[in-house]
Amino acid sequence: MMAVLQRIGRSLMLPVAVLPAAALLVRLGNTDMLGRESFPEFITKIASFMTAGGNAILDNMPLLFAVGIAIGFAKKSDGSTALAAVVGYLVFKNVLATFTDPNLPKVATAVDGKVVMTDAPVDAKVLGGVVMGLVVALLYQRFYRTKLPDWAGFFGGRRLVPILAAFAGLVIGIVFGYIWPVLGTALHNVGEWLVGSGAVGAGIFGVANRALIPIGMHHLLNSFPWFQAGTYEGKSGDIARFLAGDPSAGQFMTGFFPIMMFALPAACLAIVHCARPERRKVVGGMMISLALTSFVTGVTEPIEFTFMFIAPVLYAIHAVLTGVSMALTWALGMKDGFGFSAGAVDFFLNLGIATNPWGLALVGLCFAAVYYVVFRFAITKFNLPTPGRESDEELAELQKAEAK
């Protein structure tokens, strides 16, 4: 099982590498940055281009993961493997979209020429991409040499795999469509309970939020606390209330700042220092870009996917420490929030309405030290295969791939 998870993790390295650029484009193009209405029109136009370009990658992250896993997981993979992954995932996504999820905010839909609000379609996010990537890899391994009768010979071998992937996407999409809303209802109910639980609720939310990222269901947990809980001057949800000046808001956002701005970049440094000497330069370049993305924008998935599957024990520690940060900062009376994510941009934009923001930064430095020590100890003590610590066989494969 561990070997399978590690292969998944390494397969994600290529798609993860493009995420920092996407996150920076989206953040710079936001309406509180270059997209401000007060800026000249040509600047806001450029900002809209940047946002659209960045979202093209972020919105299709599950598809990128499906392709990355299919290629990385299947032995002797080629272009037909990627094509099969695209076909399988697109069928899966469209079938899943025929189901609706009442737990998500309603969306505007055109019906008979009129715009009406309807339940949002079910979206499995990253988990859907991971599942379809694995399924396609297995189908490729099993059927890429299959020969069909002469009358159907054209569809044999590698051409057969995309066809089978389409049918697999159909079946898996139907299964997910019935299961997902049930899980979503449970998470929505949990979110309602957390709102009234103070620091304890904030801590549990932090752990659950990180724990659900691998399966893409953290958005469902976030929906009630962030967008519906409480009211203040006509605004609902922790995010909108905080930005409107509600002094009681921030319960489900404050503790993310120490983790995203300080702790995870420190974890990146630990991973670099634990890498093999001959891999340290390559790994360092990648981890520095991921650390800067987390610090500046608060987008952490690129970092988390580097060790989520390769070293799940580290991810479990990260989830627990995130919960500790959420509970501690709220118990200390610190309050901060964001419009995008808990990065430096939102931190400085909201200095005027935050409570004890510099104390929050001090807590972040403490968590950075904790993360560095814990990650470095765990990686070296248990010989965890984080980036740069590949076996000789895996290193030879990587060098061979890089030489192509």
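Cβ coordinates come from backbone N, Cα and C, glycine included.
Over in TrEMBL, the protein carries these features:
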{"type": "DOMAIN", "residues": "1-391", "note": "domain 'PTS EIIC type-1'"}
{"type": "TRANSMEM", "residues": "12-29", "note": "transmembrane segment"}
{"type": "TRANSMEM", "residues": "49-74", "note": "transmembrane segment"}
{"type": "TRANSMEM", "residues": "81-100", "note": "transmembrane segment"}
{"type": "TRANSMEM", "residues": "120-140", "note": "transmembrane segment"}
{"type": "TRANSMEM", "residues": "160-180", "note": "transmembrane segment"}
{"type": "TRANSMEM", "residues": "255-275", "note": "transmembrane segment"}
{"type": "TRANSMEM", "residues": "305-330", "note": "transmembrane segment"}
{"type": "TRANSMEM", "residues": "360-379", "note": "transmembrane segment"}
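Among 12-29, 49-74, 81-100, 120-140, 360-379, 360-379 has the largest number of CB pairs under 8 A with the transmembrane segment (255-275).
Taking residue pairs at least 6 apart in sequence, the transmembrane segment (81-100) and the transmembrane segment (120-140) share three or more C-beta contacts under 8 angstroms. If you average pLDDT over the domain 'PTS EIIC type-1' (1-391) in this model, you get 86.
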